[in-house]
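K.L.:
Taken from Swiss-Prot, the feature topological domain 'Extracellular' covers 1-24, 82-96, 160-178, 316-327, and the record attributes it to experimental evidence. The feature N-linked glycosylation site is assigned by Swiss-Prot to Asn5, Asn10, with sequence analysis given as support. Taken from Swiss-Prot, the feature transmembrane segment covers 25-49, 60-81, 97-119, 140-159, 179-202, 292-315, 328-350, and the record attributes it to experimental evidence. Per Swiss-Prot, the feature topological domain 'Cytoplasmic' maps to 50-59, 120-139, 203-291, 351-366; the stated evidence is experimental evidence. The disulfide bond feature in Swiss-Prot is assigned to Cys96-Cys172; the stated evidence is experimental evidence. Per Swiss-Prot, serotonin binding site is recorded for Asp103, Cys107, and the stated evidence type is similarity to another entry. Residues annotated as motif 'NPxxY motif' in Swiss-Prot, with similarity to another entry given as evidence: 343-347.
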Amino acid sequence: MDFLNSSDQNLTSEELLNRMPSKILVSLTLSGLALMTTTINSLVIAAIIVTRKLHHPANYLICSLAVTDFLVAVLVMPFSIVYIVRESWIMGQVVCDIWLSVDITCCTCSILHLSAIALDRYRAITDAVEYARKRTPKHAGIMITIVWIISVFISMPPLFWRHQGTSRDDECIIKHDHIVSTIYSTFGAFYIPLALILILYYKIYRAAKTLYHKRQASRIAKEEVNGQVLLESGEKSTKSVSTSYVLEKSLSDPSTDFDKIHSTVRSLRSEFKHEKSWRRQKISGTRERKAATTLGLILGAFVICWLPFFVKELVVNVCDKCKISEEMSNFLAWLGYLNSLINPLIYTIFNEDFKKAFQKLVRCRC
């Protein structure tokens, strides 16, 4: 998002020459991140469009998130790279206003999409039957529209407050001179969505864990009932078959060969039942770990990428004596942009349908 840059007009030619290698390295690194973000989000969008199996309301939210992150990559990152390398804004205040508008709106919209996806998954797990009826493309479209509208309402006021102060032609930043504007923008764009995401994913994990345990208990109970029925029917059917055979055996031999066979079968069936139950427990545990890993990656990436930036925004603009270097400000801004690269990876890498769709797209391009 916004950050402070200084002019390099006072630097000598020798100093500029010495700083050139580092500028080239920074430019190439950031350009590579922008290109990767553009490519990966393009793949997600294309996969959802061309793959009929992915035409699901839940994936429409992911597609909209990918579009938002794609806009960050093509409309926000390139201008930021030029600003960082040049160390001054050279494109005029009109372009500055447009860039800041797109920057704040798209980054806010990306964060709010994560909240919408969390809400969608929460309702799909906790109210599966009823929500399956409501989970239509129209419903997904309404959610996406609401996300964009809220993003605009959160993003626009800071831009109006920006013009209340004096701005230099060589800088493109938003100075939060009012505590109200700082709290409004940071809490609306991050802290409130963060709280919502944490609460929803905690409830999702608890609900998924409870659901796994209920299904496991139901399957074990069903197996025990079926096993008892099979055992009783087996005993009844074997009585008539074994009558003539048993009569031919000596009365002094209380244990017939058939009794031994029947005992062996029951023993094997019992062992098989316990083995099957153990395998189901192992699968259930694996699913729980996978669910926890997925949720951990989603929350971890989101918090690591955006929390430092918004802590900086809140502290620096509320505390007059608190300062931060230009390099650190740029780093925190790009750490937030990095979330637009990570989002499509996390939300699709655990989905087999997406993997197959990506493979088909790559083969077609090759």
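The backbone N, Cα and C atoms fix where each Cβ goes, and this holds for glycine too.
Given the structure is predicted, the values throughout are model-derived calculations rather than measurements.
So where do these features actually land, and what's packed around them?
P.N.:
For the topological domain 'Cytoplasmic' (50-59), the mean pLDDT of the prediction comes to 92.
Same-chain residues lying 6 or more positions outside the transmembrane segment (60-81) and placing a CB less than 8 Å from one of its CB atoms are 27, 30-31, 33-34, 37-38, 41-42, 44-45, 48-49, 91, 95, 99, 102-103, 106-107, 109-110, 113-114, 116-117, 120, 137, 140-141, 143-144, 147, 333-334, 337, 339-341, 343-344, 347-348.
For the topological domain 'Extracellular' (82-96), DSSP puts the residue distribution at 10 helix, 0 strand, 5 coil.
Cys172 (disulfide bond) has a Cβ environment of 27 other Cβ atoms inside 10 Å.
Mapped onto three states, the DSSP output places Asp103 (serotonin binding site) in helix.
Helix, strand and coil residue tallies for the topological domain 'Cytoplasmic' (120-139), in that order: 17 helix, 0 strand, 3 coil [DSSP].
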K.L.:
Cβ neighbours within 10 Å, counted over all protein chains: which one of the recorded positions Cys96, Cys107 has the most?
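P.N.:
Per the Cβ count, the most surrounded site is Cys107.
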K.L.:
Can you find at least 3 Cβ pairs under 8 Å between the transmembrane segment (25-49) and the transmembrane segment (140-159), where each pair is 6 or more residues apart in sequence?
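P.N.:
No; fewer than 3 Cβ pairs under 8 Å.
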K.L.:
How big is the gap, in Å, between the Cα of Cys107 (serotonin binding site) and that of Cys96 (disulfide bond), rounded to a whole number?
P.N.:
16
K.L.:
Does the chain bring the transmembrane segment (328-350) near the transmembrane segment (97-119), so that three or more CB pairs sit under 8 Å (pairs 6 or more apart in sequence)?
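P.N.:
In contact, yes.
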